[in-house]
Structure formats: C-alpha cells, structure tokens
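Asker: One structure, pasted below without further comment.
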Amino acid sequence: MNMTNLVAPKKLKYQAEFFKVPSWAAKPEPGVRLNVLKDGKVVDKHEIDEDPYFLFGRLDKVVDFVLSHPTISRVHFALVHHRSGSCFVVDLDSGYGTAINGTKLVANTPTKFNNGDQLQVGNSSRTYVLHLPQAELYADVPPSKRQLQQQQQEAEMARRREEAERELQEIERQKAKEKAMRAEREREERERAEAQEREEEERMERLEQERLQKLAEERIEQERLEDQRREERRRKKEEEDRREKRRREEQRRQEEEEERERETKRKEEEAEREREAERKREEEERRREEKRRQVAEYQRRKDEAEHRKEEAKQREEETKRVEEGEKEKTEEKSEKKRSRSSANDSSEDLDAKKSKMDIAEAKAKEKARAAVWLDIAKLLITPAYTSKKLTREAYKGLLSAAMKHPFDTFDEKLPNLYALKAFLDQNLHKYDWSLSEKKALDLAFKAVLTEVQSTNKKDATPTKRSSSRNELQEQKGTLKETTPKDKKVETDSPQRVTRSRSKK
C-alpha cells in the first residue's frame with residue numbers, strides 16, 4: 001500500500017531513516033488511544049488514531065510522541081495498526097528494550113498489542129495501556145474465567161512491577177548517594193588541585209619576578225655595553241673621518257698631478273701629430289713627385305721603345321732586302337726553270353703559313369695576357385658578382401671581353417691596371433650600385449693597386465740598372481767583331497747585325 005496517501009510526506013521523509021513501514025499497515029478506526037499510567041493512575045492519554053503508525057522516543061524532530069526518561073532511546077519503538085484492526089509493537093533495537101505484560105520483545109519484530117495490555121518502555125515507571133473502542137461495548141458483561149485469570153495475572157504483574165520499581169528506586173537512591181559521594185570527592189580533588197595551582201602560580205610568580213629582575217640587570221649591563229660600543233664607534237668614526245680626509249687630500253693631489261701629466265702628454269701628442277702630419281705631407285709630396293717622375297720616365301721609355309721599334313723595323317727591312325738580293329742571285333737560274341704555276345703555288349703556301357703563324361702568335365699573346373691579367377680582373381669583378389646583380393654569364397662575358405680588349409699597350413703594369421679599371425667601370429656603369437657595393441669595388445681596386453705598387457718597388461732597382469746599361473751600350477755603339485776563322489757575329493742588337501753584314 002502506498003503510504004503517501006495516508007501519511008504526510010514530511011513525516012515519511014524524516015522517519016524513513018529509522019523505520020520502514022510494513023505493507024499491511026492501515027489507518028485505524030477513531031477512538032484508539034494509549035493511556036499513560038503512573039502508580040496506578042492515568043496521568044496522560046495519547047491519541048493514536050490519525051496515522052497507520054507512530055514512533056516513540058526522545059528525538060523530538062523525528063518521533064511522534066516524545067518520552068523523556070533517560071533509559072529511553074532516541075527512537076525507541078513503533079506502534080503499527082493492522083488493516084484487520086489489530087495493533088502491533090516493534091522494538092527498534094533500543095538500549096534498554098521494550099516489554100508487553102512483562103515479556104521483553106525481540107528487536108525489529110512486530111508483536112501483537114491487545115486491548116488492555118500494558119507496555120513497559122526501558123526502565124521508566126510509567127505504563128502504557130492500549131484502549132480500543134470495541135472494548136467499551138462489552139464493559140457490562142461479567143468477566144469470563146479466562147478474563148479473571150488474565151486480571152489475576154495482571155494484578156500479579158502489577159505487584160511485580162511495583163516491587164521492581166521499588167528496587168529501581170532503591171538502586172536510584174544508591175546511585176544518587178554514590179553520585180553525591182563522587183561529587184564530594186571530586187570537589188575535594190578540585191580544591192586540592194586549586195591549592196596546587198595556587199602554589200604553582202605563586203612559585204611561577206616568584207620565578208617571573210626573579211626573571212624580570214635578572215632581565216633588568218641584563219638590560220642595565222647591555223645599556224652600559226651599548227654605551228661603550230657607541231663611544232668606541234664614535235672614536236672609530238672620527239678616526240675614519242680623519243683618514244678619509246687625508247685620503248681625499250692625497251687623491252686630490254694625485255688627480256692634480258695626473259691632470260698635469262695628461263696635459264703634458266696631450267701637448268706632446270699634439271706636437272707628435274703635427275710632426276706626423278708634416279711627415280705625411282712630405283711623404284705625399286714625395287709620392288706625387290715620384291709619380292710624376294715615373295710618368296715622365298714611363299713616357300720617355302715609351303718614346304724610346306717606339307724609336308727602337310722603328311729602328312729595328314728599318315734594320316729588319318734592310319736585312320730582308322739584302323737577303324732577298326742574295327737569294328735572287330743564287331736562285332736566279334732555278335727560278336727561270338720553274339714554271340709560272342709552280343711560282344703561284346709556292347706564294348699561296350707562304351701566305352697560308354704566314355696567316356697560321358699570325359693566328360698562333362695572337363693566341364700566344366692572349367694566353368700571356370690571361371696569365372698576367374685574368375686573376376687581377378677576377379679580383380676587380382668579384383665584389384660585383386657576389387652582390388647577385390651580376391649573373392654568372394655576364395661575369396664570364398665581362399672577363400672574356402676584358403681579356404680581348406687591348407688595354408695593356410704600356411710597358412709599365414700600373415698604367416695598364418688603370419686602363420683595365422676604366423674598361424671595367426665603363427661596362428659596370430649600367431648597373432645600379434649601392435654605396436656599400438661601390439665601396440667594396442673601390443676597396444678591391446685599392447688592394448690590387450697596393451699589390452702592384454709593392455711589386456713595382458721591389459723590381460724598380462734592377463730594371464733601372466739593366467735599362468741604363470742597355471742605353472749606355474746603345475749610345476756607345478760598341479761592336480764585338482769575331483775572328484775570320486769562325487766567322488761568327490754576336491747579335492745583341494739589330495744594329496750590330498746590320499753592321500756585321502755590311503762588313504761581310
């Protein structure tokens with residue numbers, strides 16, 4: 001059966017933890033109550049006809065009827081109405097138990113509770129008697145033999161209960177007496193403990209006074225020591241101030257001396273810089289003079305070389321004419337015998353050989369130029385190639401064009417270097433160069449220029465000596481004649497060859 005239709009939900013919510021309502025529970029007929037008896041008198045009545053079950057105990061928030069005796073549990077027992085109209089009592093595992101007519105109930109087991117039965121709860125002196133409304137209908141009927149026996153049993157049980165209650169009262173008096181004696185002993189023990197505490201407090205107070213006195217003496221001693229330390233610190237501070245003052249004066253004198261030394265050194269450095277600048281100006285003037293002299297010497301040598309080339313050319317032409325005359329005289333007879341066709345064939349062969357010789361000579365000159373100038377041209381173009389603006393094909397094409405360009409027309413290496421630089425600048429001018437890239441190109445040229453100048457300085461002295469020796473020999477026009485036995489002529493110069501042939 002659903003209890004929510006018979007019992008309030010709040011009651012079920014709070015009591016479900018302590019008691020599970022059986023399925024046979026039902027709401028009783030009106031008029032069912034419990035009469036509370038004490039010393040054979042009715043002292044209270046509990047109406048138990050509103051719900052199918054009721055809980056009894058000391059926990060007022062859970063139970064329906066509060067029983068305040070100390071031997072009663074929080075939720076002591078439950079009274080449940082059966083759908084047949086009977087009533088049952090269930091002991092909820094209480095501490096001191098529950099009894100019907102002197103018989104102790106088994107915990108958590110429903111026991112029938114008849115009309116007129118007496119219910120004892122714990123050690124309480126109160127008795128609970130069930131009253132059903134059907135029993136009033138048979139109140140004037142004389143009791144039967146069984147009822148008489150039951151009444152006698154009830155009287156005997158009441159007597160026994162009274163004896164038990166008297167024994168309980170005696171036990172309670174004994175307990176009260178023991179409690180009073182225990183309270184007296186506890187009071188005496190408390191008094192003794194309080195006396196001991198007072199003595200301990202007095203002893204602690206004496207110790208505290210001694211400690212405070214000792215602390216005061218220690219404080220006085222500490223103040224005296226602190227005064228001594230302050231005096232000592234004052235003297236040390238005065239001594240440190242004097243030392244600091246002497247140190248600052250010494251430092252000031254040192255700084256003044258260092259300032260004078262720096263001033264003297266600065267003046268000496270300025271004088272040295274002026275002398276160095278003067279030396280640099282003189283050196284620069286000397287280098288310009290040397291450069292002018294080199295240019296003049298270069299121009300003079302160039303003129304002399306051209307003059308020597310012209311003389312050598314004239315001497316070669318004269319030699320060729322003499323040789324051709326001799327050759328014509330010796331081969332005059334053989335030439336008459338040869339036919340015109342053979343003469344033409346021989347002239348064509350000579351022209352082919354001459355053209356092959358010219359091509360080989362040009363290739364040899366190009367190889368010689370590449371051996372001398374290819375590395376220099378690579379050094380000058382490498383910064384432009386590393387900047388990624390000059391492709392590999394353009395780089396190779398520019399090197400090839402530089403090797404084919406006739407820039408090395410001078411006898412000196414330095415003017416040829418300037419000519420090569422001018423040719424490369426003319427070809428690189430079409431690219432857009434940044435300041436850093438231009439600076440890299442200039443630094444590469446300066447490095448090559450420095451290397452060429454250092455090489456010229458190393459080779460300047462022997463070259464001048466050899467050239468002056470050759471010029472002296474040419475001016476004197478010395479000729480070493482050989483003896484008629486070996487008929488050999490020294491060919492140091494084209495002029496000597498010509499003179500020896502003329503003598504022959």
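Using N, Cα and C of the backbone, Cβ positions are placed for all residues, glycine too.
As listed in TrEMBL for this protein:
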COMPBIAS  146-155  compositional bias 'Low complexity'
COMPBIAS  156-335  compositional bias 'Basic and acidic residues'
COMPBIAS  471-493  compositional bias 'Basic and acidic residues'
DOMAIN    54-105  domain 'FHA'
REGION    140-356  region 'Disordered'
REGION    454-504  region 'Disordered'
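Tell me about the surroundings of these features in the structure.
Answerer: Long-range neighbours of the compositional bias 'Low complexity' (146-155) within the same chain, counting only residues 6 or more positions beyond its ends whose Cβ lies under 8 Å from a Cβ of the stretch, are 101, 116, 118.
Across the domain 'FHA' (54-105), mean pLDDT in this model comes to 91.
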Asker: Going by DSSP, how much of the compositional bias 'Low complexity' (146-155) is helix, how much is strand and how much is coil, in residues?
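Answerer: Going through the compositional bias 'Low complexity' (146-155) residue by residue, I get 10 helix, 0 strand, 0 coil.
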Asker: Could you give me three numbers for the domain 'FHA' (54-105), the DSSP helix, strand and coil residue counts?
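Answerer: Its residues fall into 0 helix, 22 strand, 30 coil.
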